[in-house]
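Participant: Among the features that TrEMBL reports, transmembrane segment is placed at B:70-92, B:112-145, B:157-180, B:200-220, B:248-276, B:288-306, B:318-335.
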Amino acid sequence: MELNLERVCVRIEGRPILSDVVLSVPEGSFVGLVGPNGSGKSTLLRTVYRSLKPSSGVVRVGPDDVWQMSARVAAQRTAAVLQDASATVGLTVAEVVALGRTPHLGLFDRESAVDGDVVTESMDRTGVLAFADRAFSTLSGGERQRVLLARALAQQPRLLVLDEPTNHLDVRARFELLDLIGELGTTTFAVLHDLDLAVRSCDQLVVLDAGAIAAAGPVLAALTPVVLREVFGVAASVERHADGVVRITYEAKPLAD
Amino acid sequence: MSRIARATPLLVLGLAVALVLVVLLAVGIGSVQVPLADTWHIVLAHLTGSGQVDDLVADQIVWRIRLPRVLLAALCGAGLAVAGVVLQALVANPLADPYVLGVSSGSSLGAALVFTLGAGALGGLGVSSAAFLGAMIAVALVFALGQRRGRLAPTRLVLAGVAVGYLFSAATSYVQLSAAPNELRLLMFWLLGSVAGAQWSQLSIVAVVVVASVLLLVLYGRRLNALLTGDESAAALGVDVRKLRIGLLLLASLLTGTLIAVSGGIGFVGLMIPHLVRLVVGSDHRRVLPVAALFGAVYLVLVDLISRTVDSPNELPLGIFTAAFGAPFFLWLLRRNKSVG
């Protein structure tokens, strides 16, 4: 489903965190949200998965305002893979993934065979079925992220949002995870810290700087040398190479003045 | 489904049977011994409202004196264990127990006032009512101090609970110093917990509160599991974290307040039983809650039995034994389990 933010503002304790953010993630696309630390990326994402209500503005998933829906209905459409899940103590992999069925089940519902199938299929798709009965806390970083992705898939979302999913992963695990996300085909909106991965994997980029959109659009149009210099403070250029892959080339002296 | 998930219904059934047996056994043991078969007949006769009871003395002892107290012990054990499970999840702190939000300090002050100054101290309230009132005042204070712009932050809540706890304890200590020795003994006994004062009349209220709380909490088991993965993650799973936390904190406080009003401050059960149960069945609340309730009930019935037989005819407070027996067992289990720490 399409995601649209219409003039979203967030103020926390009077301090503006996001101001007049307008952005659009088209159906079926993979859009990356990039920007320096503290630019408001995670805050922006929180307004989408219904954790932080915007001070003003509208967040639409499909045609509907997320903040007019109940938390449960919103979570039937949008699934999130977040950074803070390391605290998950004592649950097995299968139990963590089964939590993805939460928005589809009421207080009195029990998990049906269908729910069980969805959970198993989700684990299979992200390659974690083999350790379904292991404790989540015993997994490596890359395995954990794949489990959390499986949990998000078990929500059967129309929109997938991810907050720095490749953080703390080794280089192979990063590529594996982004490949996996790319193959899903679900509309995806991801905060990505790693610019090299972002330009490589995303269809479009949104650049956030101090709570406002600095640039947005297809990767090459959004991440121009000017944006790289003024927002990120580096001297670099982004090009599509002969093999079709977009890469960033940093200059010999990469620190822009 | 994992092995432990499949085994849980069996475990619940086993514990339920064990609870019935332990209750009947405990009812039979005391200064006058009643054989298990006789106990069974007497209880059955009363439950069905029919049948002949031949031995009127045994009937008095079993039905009037021992059964209410044994049942109260079971209810308190179940309630405290469940309250502990929920509070540990709600404030995301393994050291939390049912008293973490100041319930016990508030009720202690209420009870201390009535013990030392008499029922006139709080407008004619008895010990139970005064304790309940004190508990609710303390909890209200902790909620007011622990919230920030309508959000209850776990850390802030726990710290507010600690601070309010000290405040009320200071007042209780002051009251204690001015108490006469015999009043002090009664108060000490109450503070360490006892179900000796059990009566049928109060049992029904306690039973309704405990059973309703356990059933309601089991329904919320899936959401509590979501909360284990963190507030943000739970929100993304469609859980209204703010409402859930406030609602269940209120429920847990009401449950704990009710229990402490009728049994005093029974320690350890609400802290350790939840951990013990998790070591055995994992963290899924839909397994932990029913198992903890039954296990807590069995445990406290046994502890109460010991507290009134070990130094018979004298009675000792429950708080001494809950920890004296529970702590070594818990430590043994902790050392055996490699997945912790």
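Cβ atoms are placed via backbone N, Cα and C, with glycine included.
Those TrEMBL annotations? Automatic predictions, nothing curated.
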Participant: Tell me, please, if the transmembrane segment (B:318-335) and the transmembrane segment (B:112-145) are in contact, taking contact as 3+ Cβ pairs under 8 Å between residues separated by 6 or more positions?
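Facilitator: Counting Cβ pairs under 8 Å, fewer than 3, so no.
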Participant: What same-chain residues lie close to the transmembrane segment (B:70-92): Cβ under 8 Å, and 6 or more beyond its ends?
Facilitator: 19, 23, 26-27, 98, 100-101, 154, 157-158, 195, 198, 203, 206-207, 209-210, 213-214, 217, 224, 227-228, 245, 248-249, 251-252, 255-256, 258-259, 262-263, 266, 269-271, 273-274, 277, 285, 288-289, 292-301, 303-305, 318
Participant: Looking only at residues six or more beyond either end of the transmembrane segment (B:248-276), which have a C-beta under 8 A from one in the stretch?
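Facilitator: Residues 72, 75-77, 79-88, 90, 94-99, 101, 103-104, 107-108, 111, 128-129, 131-132, 135-136, 139, 143, 152, 157, 189-195, 197-198, 202, 205-206, 209-210, 213, 216-217, 220, 224, 288, 292, 295-296, 299-300, 317-319, 322-323, 326-327, 329-330, 333 contact the transmembrane segment (B:248-276) from elsewhere in the chain.
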Participant: Mind checking which residues of the chain, 6+ beyond the ends of the transmembrane segment (B:157-180), have their Cβ under 8 Å from one of its Cβ atoms?
Facilitator: 91, 93, 96, 99-102, 104-106, 108-109, 112-113, 115-117, 134, 138, 141-143, 145-147, 187, 249
